[in-house]
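Chemist: The structure under discussion is supplied below as structure tokens; questions concerning it will follow.
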Amino acid sequence: MPRAPFSLLALVLGLAFLAWAFSLAGTVGAPSGTVNYTTFLEDLKAGRVKEVVVRAGDTRIQGVLEDGSAFTTYAASPPDNATLEGWMARGVSVRVEPPQGQNALGFLWPLLLVGLLIGALYYFSRNGRAGPSDSAFSFTKSRARVLTEAPKVTFKDVAGAEEAKEELKEIVEFLKNPSRFHEMGARIPKGVLLVGPPGVGKTHLARAVAGEARVPFITASGSDFVEMFVGVGAARVRDLFETAKRHAPCIVFIDEIDAVGRKRGSGVGGGNDEREQTLNQLLVEMDGFEKDTAIVVMAATNRPDILDPALLRPGRFDRQIAIDAPDVKGREQILRIHARGKPLAEDVDLALLAKRTPGFVGADLENLLNEAALLAAREGRRKITMKDLEEAADRVMMGPAKKSLVLSPRDRRITAYHEAGHALAAHFLEHADGVHKVTIVPRGRALGFMMPRREDMLHWSRKRLLDQIAVALAGRAAEEIVFDDVTTGAENDFRQATELARRMITEWGMHPEFGPVAYAVREDTYLGGYDVRQYSEETAKRIDEAVRRLIEEQYQRVKALLLEKREVLERVAETLLERETLTAEEFQRVVEGLPLEAPEEAREEREPPRVVPKVKPGGALGGA
């Protein structure tokens with residue numbers, strides 16, 4: 001059956017070719033002996049032409065010479081009566097034939113060809129609906145995936161978003177028993193917009209709603225609607241909602257709705273581009289739901305600031321549910337969910353791992369456990385150990401360890417003092433985070449890093465931010481103190497310090513010279529954000545100077561601290577050169593001057609030192 005459209009197309013092309021061939025069948029083929037018009041006139045004057053045949057209105061002249069040979073020539077214009085009489089005066093037999101009537105197929109074959117093609121397209125559109133790949137107009141059909149069976153995911157499989165689940169339980173009750181709400185005259189929200197940074201589980205939560213309510217789940221992406229063909233997006237929106245009505249009660253989920261729901265008038269093409277037509281159709285369809293239609297539209301975005309206001313008004317996306325990165329309790333619950341089916345060793349402490357992964361979202365935690373499982377399988381172990389999880393966390397944050405990279409003794413020494421500087425500043429500064437781990441094992445683009453012991457915190461004080469800047473600058477300060485020289489390793493440290501200092505001045509009102517004034521508006525908070533400048537060039541110069549002074553003050557402060565703790569700095573750096581990695585407990589013992597236990601495993605022998613391309617030292621908080 002799938003080959004039928006191709007057979008029909010071959011038939012159409014064959015008929016078109018026959019029509020063209022028949023159109024030429026009635027015409028006289030060009031005979032042999034074609035001569036130019038000058039030769040014909042010379043033969044005419046010489047009396048060698050016996051007979052000519054002309055057709056009225058035709059420039060072609062056919063004839064026979066005295067020797068019996070046939071010829072054909074072409075004049076610039078059809079011969080007139082005077083010309084023909086002149087030829088007859090020379091004794092030439094002239095026969096004039098009426099204009100040749102084109103056969104019907106020859107005259108109508110272009111129209112016939114067009115008609116056949118239109119008929120074929122109509123056939124495709126009518127009979128190819130069984131499968132989108134067989135239909136000539138399948139690009140107007142929605143690309144949504146319809147899961148007629150309820151997803152197996154339920155609220156039990158979602159963690160770290162308890163408030164969002166509470167908000168959505170009402171939607172679940174409506175989908176389970178819509179008549180109860182209709183009898184009370186209640187109008188359930190037509191649309192629910194899930195807002196949050198990437199990876200927090202917006203799509204997972206939408207599937208859980210469908211699974212909890214046991215209704216079909218229809219999912220599409222915002223980019224599925226917009227195409228280069230005008231009107232395709234609107235047609236796909238109509239088809240999507242027609243599909244939803246056939247499967248009601250159901251959930252329609254549109255992921256990354258900002259691809260189609262961007263504010264109108266802000267893109268290329270003004271009010272006439274394809275994306276805006278698609279958005280208009282989406283608005284119309286959401287308005288077109290009858291009161292008793294049990295269809296709930298859910299959408300997800302991490303850019304709510306660019307959505308069209310008409311999309312967010314009551315009656316469309318009535319509710320916006322913000323889903324943020326989980327706290328320590330939520331992270332532990334997420335880890336336990338993703339740890340199902342994975343053999344964990346007895347030393348695994350998921351609560352401790354949750355404390356050590358602030359800022360991780362659900363996707364990060366799932367990836368962490370998967371990396372740990374891969375590491376355990378690679379090493380031939382039958383269970384995942386805490387060491388595997390720690391290594392996986394480092395891989396997720398900083399990249400895989402470059403065990404084959406052998407540094408020169410000078411580079412290792414610089415890296416050790418650089419990271420020791422970060423660690424001592426984080427340890428001794430009152431409002432800093434403390435040290436979770438410090439290492440000089442290269443990872444990603446870093447030759448080493450200091451991982452701070454951060455906690456979930458929503459409010460950052462001015463003193464804490466100043467200490468953060470000082471910790472970021474401590475690596476460069478240690479280099480200057482020990483080597484009386486500086487390297488390029490603090491590039492990323494400077495970026496972090498400068499960004500914090502600038503935001504303290506322009507956004508958070510933490511500088512006495514500028515006061516509680518917002519000089520910049522930060523947009524797009526879920527994707528890292530960018531600043532919209534709202535001040536003059538003169539103010540910009542003052543801000544730049546204030547940023548420089550603030551950073552210089554913190555640099556001198558942390559440099560003085562490291563000079564005071566020079567002996568401890570040497571001790572930590574030398575221990576790093578010996579052991580490469582220090583945990584929080586080991587670092588504390590080194591700072592206090594206590595001996596360390598021997599490593600559990602013998603260190604693998606390294607290759608002889610060799611010169612390698614310079615890679616910038618730094619850390620999770622510090623260098624690049």
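Even glycines carry a Cβ here, placed using N, Cα and C.
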Chemist: Which of Ala159, Ala235, Ala244 shares the ATP site with Gly199, Val200, Gly201, Lys202, Thr203, His204 per Swiss-Prot?
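Modeler: My reading of Swiss-Prot gives Ala159 as the candidate in that site.
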Chemist: Swiss-Prot has His418, His422 down as binding Zn(2+); which of Asp324, Asp327, Asp493 does it also list for that site?
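Modeler: Record source Swiss-Prot; matching candidate: Asp493.
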Chemist: I'm validating the feature mapping. Which of 55-84, 595-624 is tagged region 'Disordered' in Swiss-Prot?
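Modeler: Per Swiss-Prot, the stretch marked region 'Disordered' is 595-624.
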Chemist: Validating a neighbour-count step here. Other CB atoms within 10 A of the CB of Gly201 (ATP binding site): how many?
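Modeler: Around Gly201 (ATP binding site), other Cβ atoms within 10 Å: 25.
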Chemist: Mean pLDDT for the topological domain 'Cytoplasmic' (1-7), as a whole number?
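Modeler: A mean pLDDT of 49 is what the predicted model shows over the topological domain 'Cytoplasmic' (1-7).
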Chemist: Using C-alpha atoms, which one of the recorded positions His418, Glu419, His422, Asp493 comes nearest to Gly199 (ATP binding site)?
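Modeler: Comparing Cα positions, the candidate nearest Gly199 (ATP binding site) turns out to be Asp493.
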Chemist: Tell me the residue counts in helix, strand and coil for the topological domain 'Periplasmic' (29-103), as DSSP assigns them.
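Modeler: Breakdown, helix to coil: 18 helix, 24 strand, 33 coil.
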Chemist: By Cβ count within 10 Å, point out the most packed of the recorded positions listed: Glu419, Asp493.
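Modeler: When each Cβ's neighbours within 10 Å are tallied, Glu419 leads.
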Chemist: Let's check the environment of Thr203 (ATP binding site): how many other CB atoms sit within 10 Å of its CB?
Modeler: 15
Chemist: With an 8 Å cut-off on Cβ distance to the Ala159, Gly199, Val200, Gly201, Lys202, Thr203, His204 Cβ center, who else from the chain surrounds the ATP site?
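Modeler: Near the ATP site, beyond Ala159, Gly199, Val200, Gly201, Lys202, Thr203, His204, sit Val158, Ala161, Gly196, Leu205, Ile323, Val361, Gly362, Ala363.
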Chemist: So of Ala159, Val200, which of the binding-site residues has the fewest other Cβ atoms within 10 Å around its own Cβ?
Modeler: Ala159
